[in-house]
Amino acid sequence: MAAKSSVSSWRSEMSSNPHRWMMTSPGAPMVRAEFEIGELSADQVVVAVAGCGVCHTDLGYYYDSVRTNHALPLALGHEISGRVVQAGANAAQWLGRAVIVPAVMPCGTCELCTSGHGTICRDQVMPGNDIQGGFASHVVVPARGLCPVDEARLAAAGLQLADVSVVADAVTTPYQAVLQAGVEPGDVAVVIGVGGVGGYAVQIANAFGASVVAIDVDPAKLEMMSKHGAALTLNAREISGRDLKKAIEAHAKANGLRLTRWKIFECSGTGAGQTSAYGLLTHGATLAVVGFTMDKVEVRLSNLMAFHARALGNWGCLPEYYPAALDLVLDKKIDLASFIERHPLDQIGEVFAAAHAHKLTRRAILTP
């Protein structure tokens with residue numbers, strides 16, 4: 001049992017009665033429920049939520065019966081920004097600060113954490129999966145790994161605190177993927193699926209100095225990416241298979257870029273996208289699997305051997321990378337504002353339905 005501690009509060013009390021929107025069973029209407037914060041451990045904080053992004057993962061829990069680690073009822077939501085309003089004895093330095101809550105919070109002490117593999121820590125905590133999530137007025141989370149937000153820089157970038165909630169997954173997940181793949185100036189980076197996470201992958205790879213190829217089946221998304229870092233856009237409905245690879249080779253040749261060691265990011269989370277990504281392997285290529293699907297694909301695994309290529313999985317992002325990812329946003333190397341839209345939290349049912357039906361063109365952020 002966690003040790004109890006003295007608790008410090010910011011401005012002495014909560015601004016509203018804490019409440020959450022609870023998922024009671026897959027597909028059932030979410031229910032607003034008030035709750036008591038309870039006593040904090042020494043290392044916990046209470047964050048008054050400014051915004052919480054709606055992610056494909058949330059839709060999977062709600063519509064597809066993907067199992068959560070925490071028993072239902074549960075508040076979903078893992079893309080959280082807000083302000084620390086209560087803090088345990090060991091976390092008092094966070095009181096009053098604007099923060100982003102990491103989507104995955106490793107324990108920091110196990111063998112996986114100490115060897116740099118914290119995102120797969122077996123004792124990790126994920127809001128909206130392991131603990132109550134951010135579709136709420138307040139969340140109780142470990143202080144470890146919180147990412148501070150410089151509010152002066154935030155204002156200078158023309159953003160609100162709610163806006164940077166999506167940094168917690170939509171931005172940091174592709175940031176770690178780009179970092180892990182070793183993208184550097186002069187690389188050819190190919191991003192398959194440029195909605196949500198993939199759209200930010202394009203911007204991040206471009207910020208790292210790569211010539212970015214964006215592939216999707218949606219002309220509107222491709223047009224958007226042509227204005228946000230993509231040097232070449234390809235519609236997979238019009239060009240497929242070997243022709244995709246030939247088009248990228250032609251782009252590389254025309255711009256004096258390498259025909260080898262491409263960095264390929266599969267962000268569509270579809271079987272077709274994964275098959276296309278594998279088909280783009282070149283000598284020394286790196287294939288980063290960022291999107292998730294239950295679809296099965298059939299590939300010739302020996303191509304990895306023949307091309308001396310590598311395939312990498314990418315789960316979340318280490319909390320220590322969050323400040324650098326946030327810097328890209330605050331330095332305006334990543335355009336956040338054009339890809340998000342805010343909705344009141346009490347419209348959660350309508351927003352989930354619209355996101356599930358692919359009626360939203362931007363990532364939704366729910367604000368209490």
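Count begins at 1; order follows the chain as displayed.
Glycine residues also receive a Cβ, built from the backbone N, Cα and C atoms like all the rest.
Feature list (source: Swiss-Prot):
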- C55, H78, D169: Zn(2+) 1 binding site (BINDING)
- 56-60, T173, 196-197, 216-217, K221, 290-292, 308-310, 314-316, R363: NAD(+) binding site (BINDING)
- C107, C110, C113, C121: Zn(2+) 2 binding site (BINDING)
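Everything Swiss-Prot records as a feature, shown here on the structure.
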{"residue": "C55", "record": "Zn(2+) 1 binding site", "Cβ within 10 Å": "25"}
{"residue": "H56", "record": "NAD(+) binding site", "Cβ within 10 Å": "17"}
{"residue": "L59", "record": "NAD(+) binding site", "Cβ within 10 Å": "16"}
{"residue": "H78", "record": "Zn(2+) 1 binding site", "Cβ within 10 Å": "28"}
{"residue": "C107", "record": "Zn(2+) 2 binding site", "Cβ within 10 Å": "16"}
{"residue": "C110", "record": "Zn(2+) 2 binding site", "Cβ within 10 Å": "15"}
{"residue": "D169", "record": "Zn(2+) 1 binding site", "Cβ within 10 Å": "27"}
{"residue": "G196", "record": "NAD(+) binding site", "Cβ within 10 Å": "24"}
{"residue": "A309", "record": "NAD(+) binding site", "Cβ within 10 Å": "20"}
{"residue": "W315", "record": "NAD(+) binding site", "Cβ within 10 Å": "16"}
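If you take the CA of G196 (NAD(+) binding site) and look 10 A around it, the binding-site residues you hit from C55, H78, C110, C113, C121 are C55. Those residues of the chain, other than C55, H78, D169, with a C-beta within 8 angstroms of the mean position of the Zn(2+) 1 site C-beta atoms are G53, T57, D58, G77, E79, A103, G128, A168, A170. Once Cβ contacts within 10 Å are tallied over all protein chains shown, the binding-site residues C113, V217 are led by C113. Counting Cβ atoms from all protein chains shown, C121 (Zn(2+) 2 binding site) has 19 others lying within 10 Å of its own Cβ. For the pair C113 (Zn(2+) 2 binding site) and C55 (Zn(2+) 1 binding site), the C-alpha distance works out to 25 angstrom. The record gives C107, C110, C113, C121 for Zn(2+) 2. Within 8 Å of the mean position of their Cβ atoms, the other Cβ atoms in that chain belong to P106, G108, T109, E111, L112, T114, G118, R122, D123, Q124.
Within 10 Å of the Cβ of G291 (NAD(+) binding site) there are 24 other Cβ atoms, across all protein chains.
Straight-line distance linking the Cα atoms of C110 (Zn(2+) 2 binding site) and V217 (NAD(+) binding site), rounded to a whole number, equals 42 Å.
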